[in-house]
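Colleague: These came from Swiss-Prot, pasted as-is:
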REGION    29-79  region 'Disordered'
REGION    92-117  region 'Disordered'
REGION    129-198  region 'Disordered'
COMPBIAS  147-168  compositional bias 'Low complexity'
COMPBIAS  174-184  compositional bias 'Basic and acidic residues'
REGION    210-231  region 'Disordered'
COMPBIAS  219-228  compositional bias 'Low complexity'
DOMAIN    240-358  domain 'C2 1'
BINDING   ASP275, ASP328, ASP330, ASP336  Ca(2+) 2 binding site
BINDING   ASP275, ASP281, ASP328, ASP330  Ca(2+) 1 binding site
DOMAIN    404-521  domain 'C2 2'
BINDING   ASP438, ASP444, ASP491, ASP493  Ca(2+) 3 binding site
BINDING   ASP438, ASP491, ASP493, ASP499  Ca(2+) 4 binding site
DOMAIN    555-676  domain 'C2 3'
BINDING   ASP594, ASP646, ASP648, ASP654  Ca(2+) 6 binding site
BINDING   ASP594, ASP600, ASP646, ASP648  Ca(2+) 5 binding site
TRANSMEM  763-783  transmembrane segment
TRANSMEM  866-886  transmembrane segment
Amino acid sequence: MEPRAATTGELVRAASPSFQARLWKNLQLGVGKGKGGGGGRAGGPEHRTAATPTPSPPPPGTTQDALAGVGSTGSRWSGFKKRKQVLDRVFSSSQPNLCCSSPEPLEPGGAGRAEQGSTLRRRLREHLLPVAKGSSTATGTGGVTPPGGRSPDSAPSSSSASSSLSSSPQPPPRGDRVRDESTRRGGPGVHLCHQKSSSLPGTACLEQLLEPAPPPAEPARGPAEPQALQKDIERDCSQKISTVGNSNADVPLADPGMYQLDITLRRGQSLAARDRGGTSDPYVKFKIGRKEVFRSKIIHKNLNPVWEEKACVLIDHLREPLYIKVFDYDFGLQDDFMGSAFLDLTQLELNRSTDVTLTLKDPHYPDHDLGIILLSVILTPKEGEHRDVTMLMRKSWKRSSKFQTQSLRLSDQHRKSHLWRGIVSITLIEGRDLKAMDSNGLSDPYVKFRLGHQKYKSKIMPKTLNPQWREQFDFHLYEERGGIMDITAWDKDAGKRDDFIGRCQVDLSSLSREQTHKLELHLEEGEGHLVLLVTLTASATVCISDLSVNSMEDQKEREEILKRYSPLRIFNNLKDVGFLQVKVIRAEGLMAADVTGKSDPFCVVELNNDRLLTHTVYKNLNPEWNKVFTFNIKDIHSVLEVTVYDEDRDRSADFLGRVAIPLLSIQNGEQKAYVLKNKQLTGPTKGVIYLEIDVIFNAVKASLRTLIPKERKYIEEENRLSKQLLLRNFIRTKRCVIVLVNAAYYVNSCFDWDSPPRSLAAFVLFLLIVWNFELYMIPLLLLLLLTWNYFLIISGKDNRQRDTVVEDMLEDEEEEDDRDDKDGEKKGFINKIYAIQEVCVSVQNILDEVASLGERIKNTFNWTVPFLSWLAIVALCVFTAILYFIPLRYIVLVWGINKFTKKLRSPYAIDNNELLDFLSRVPSDVQVVQYQELKPDHSHSPYKRKKNNLG
């Protein structure tokens, strides 16, 4: 026993082997005894596979001899067994976080340098790597085999470690790929890595971490030092877990960070009938986790629907299956459930299209035959892309708080993303010989357009089978090929579900670009035709970039932008009016929307129908985004809307605040703090957002675009009946009418000689005007009124007063909206009286239009928007000169010829009134209040701090 004791003493004083290396050895010794009692070295070679090379026997007097002596001592073996369990627990809890702590896979050559500051990894390199490298050098062929490389019979002894190390940021290795790699590689060191990657996926990251470190010499340790080292490792692992987050030890998948799942919803077969007529109106929902990621269109009266719709979903991991649910659409009632199915994403082969047939089941009635759904799916790993540069673009559906999400990632090289590849301009001309859906032999038709997530709904043409819409709108093209545009025609029915007239499709990939195509489309599943004009044009200047990539700060790019919108290039693309750059820098003091007292804010920037988003800053009330958005300006009178929401993964996003900024009120290059307002833009809410905005535009193009119809928003809130809104519009209309009534009273008082001096002056003025009146004096009088008000304003005698009456009405309306939101949850949709509501809404809207028209005329002369007032002065000067030099009969003759020949010259021209189009750009009193900037008040909090849902 003396030589054996001496060997053991040498082991304790050795410099190269570490304490954990001896634990690995004793694990092998224990397994060998448990299986056959032949010892660790004796039993090991008998169970090795053919692909596993046998290590050379160690020279005498080495570490293995010493460990054999230690293993023969029973008292010491019990201590080693305890330490073995502790070591299993340490690696079970720490290994997944070691791998997941880096956003990218660690390169073997740079892993040690990248994580030099990590306490846990430094300790593991110091205490694990020297033994592996030292023993490999000493033996020349293999050295010590860790548990990953033991025999198959010994695998159950470390099942806890194997299961706990299953979470990794790398893609899960497939069996055929692993076998091919094992045949190509050679050497025991490679075999060690192969065994770990197949049975213990999480250890591959550990090997990459440990490999590049040089084997430093270890100082001599005392007998108590291994226990201290063991406690240090446990403490470091627990700290690492608390920093990164708890790992799920039961998850068997490894993720690269992001996957793209491309789904093509083909068709359904033999679906269940849910309507009384023996048919259904099916549509499909896709969910991952508890979040809806896609909803298909509705196929009416069909049990074998054909959708052929595509969806692209970005997912963080493959743990959650794809949940497919089919419903029958019921207007005004709860949709009927038609079955569901799950698709296990872990069974899909990467980068390969897979046709999937799913059998629909009802959990409550598992024996019922509910039909099948056919899909095509492609799963693609997205490696090397960082989440912190992910830009989300959500298109909210009308009256929906859910988001249809597209991920738009910034380029790693330029960190700049152009969002769409082109624009398709659509003009809906007319319908011909449509199907009669009403009892009177007519219809009230309207048309719905859908291109991907974009939707547009035309106006309703009452009581006609040959409607004339003459509407123009634009869609964005996100695919190089163009995609399929779905078109459906409907008949509007008050109080019940609208009737389906027919459908058709347009394959945009078959149309040539930069050319207008006239299409006469036959309506399938119905009667009649639709006439369209479709034009595909190049991409507009719309992109997202980091703050470091700034077009306006690059002198060369700035000169190109200024050149493009110079006054000399007036007739080059009249729709391209200007360039807008918005820097979303940060926000401060936002409202806390979560129960933790924090929020997950992201910012939405909207200009007409262009809608872009920043990334989400989690758990922060003072987020910094530092993003730059660029837009193409089509109308200089547009309003930039910036809205802050709180992201909520389980339900709709929460509203935090909003600002509305007219483009003509922007001061270029100035960083300003905008106080966030409530949803109706009538009062302040908590928080301030810092923006820096630059606008460059061509004034001549902007003036010409003022005289054509405004661009309609695709997604607008449905009008609902509101007592306060109805009263507000009535009061606004009454105020405009009262002005005319007071003017009539004033004239009548002159006729009645209530004030003789005033009546005498009015009589003399009347005689002079009538005797010398010429037609050109009408615009001249308006011109004098504008000029008079202008000099009053610049002289400091501003007669414009803040409309406190409108502000008070808006505050009352906001309180009623809050009550309606609460009451609406209690009332059922079926209890509403549709016909009465539509009549009241129509009256409400007419009052709003009349009141807005009067207020816009007043605000034009009050110089509320100086650009428009100057434009009115120029137009009135031109009209005055025309009326002065040209006889009235010639003017009327030219006007009549133009009206009679307009349809002959341009048969598909959209009817418009230039004067009304001009007035539509002037804000009403309500809009003036909404666009007012609020001064930040740092000393007092806003009066109302409440959490509003996205409406």
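Backbone N, Cα and C atoms are what each Cβ position is placed from, and that goes for glycine too.
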Colleague: Please identify, from the binding-site residues ASP281, ASP499, the residue with the sparsest Cβ neighbourhood, meaning fewest other Cβ atoms within 10 angstroms.
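Modeller: The binding-site residues ASP281, ASP499 were compared, and ASP499 has the fewest Cβ atoms within 10 Å.
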Colleague: Which of these binding-site residues is closest to ASP336 (Ca(2+) 2 binding site) if you go by CA atoms: ASP444, ASP493, ASP499?
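Modeller: That would be ASP499, nearest by Cα distance.
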Colleague: Neighbour count, 10 Å Cβ-Cβ cut-off, for ASP491 (Ca(2+) 3 binding site): what number do you get?
Modeller: 19
Colleague: Compute the centroid of the Cβ atoms of ASP275, ASP281, ASP328, ASP330, then list the same-chain residues not in that set whose Cβ lies within 8 Å of it, in sequence order, for the Ca(2+) 1 site.
Modeller: ARG274, THR279, SER280, PRO282, TYR329, ASP335, ASP336
Colleague: What is the interatomic distance between the Cα atoms of ASP330 (Ca(2+) 2 binding site) and ASP281 (Ca(2+) 1 binding site), given in whole Å?
Modeller: 8
Colleague: I need the neighbours of the Ca(2+) 5 site defined by ASP594, ASP600, ASP646, ASP648. Which other residues of that chain put their C-beta within 8 angstroms of the C-beta centroid, in sequence order?
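Modeller: Here the nearby residues are ALA593, LYS598, SER599, PRO601, GLU647, ALA653, ASP654.
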Colleague: An 8 Å radius from the center of the ASP438, ASP491, ASP493, ASP499 Cβ atoms defines the neighbourhood of the Ca(2+) 4 site; name the other residues of that chain inside it, in order.
Modeller: MET437, SER443, ASP444, TRP490, LYS492, ASP498
Colleague: On a C-alpha basis, identify the one among ASP281, ASP328, ASP648, ASP654 that is nearest to ASP438 (Ca(2+) 3 binding site); the candidates are the binding-site residues.
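Modeller: Comparing Cα positions, the candidate nearest ASP438 (Ca(2+) 3 binding site) turns out to be ASP281.
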Colleague: Of ASP275, ASP444, ASP493, ASP499, ASP600, which binding-site residues come within 10 Å of ASP648 (Ca(2+) 6 binding site), going by C-alpha to C-alpha distance?
Modeller: ASP600
Colleague: Could you measure between ASP646 (Ca(2+) 6 binding site) and ASP491 (Ca(2+) 3 binding site) for me? Cα positions, answer in whole angstrom.
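Modeller: Just about 38 Å between their Cα atoms.
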Colleague: State the three-class DSSP label for ASP600 (Ca(2+) 5 binding site), counting H, G and I as helix, E and B as strand, and everything else as coil.
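Modeller: The three-state answer is coil.
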Colleague: Give me the long-range Cβ neighbours of ASP600 (Ca(2+) 5 binding site): same chain, 6+ apart, Cβ under 8 Å, in sequence order.
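Modeller: When sequence neighbours closer than 6 are ignored, ASP600 (Ca(2+) 5 binding site) has ALA593, ASP594, THR616, VAL617, TYR618, LYS619, ASN620, ASP646, GLU647, ASP648 within Cβ distance under 8 Å.
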Colleague: Counting by DSSP, what is the helix, strand and coil composition of the domain 'C2 1' (240-358)?
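Modeller: DSSP composition of the domain 'C2 1' (240-358): 8 helix, 55 strand, 56 coil.
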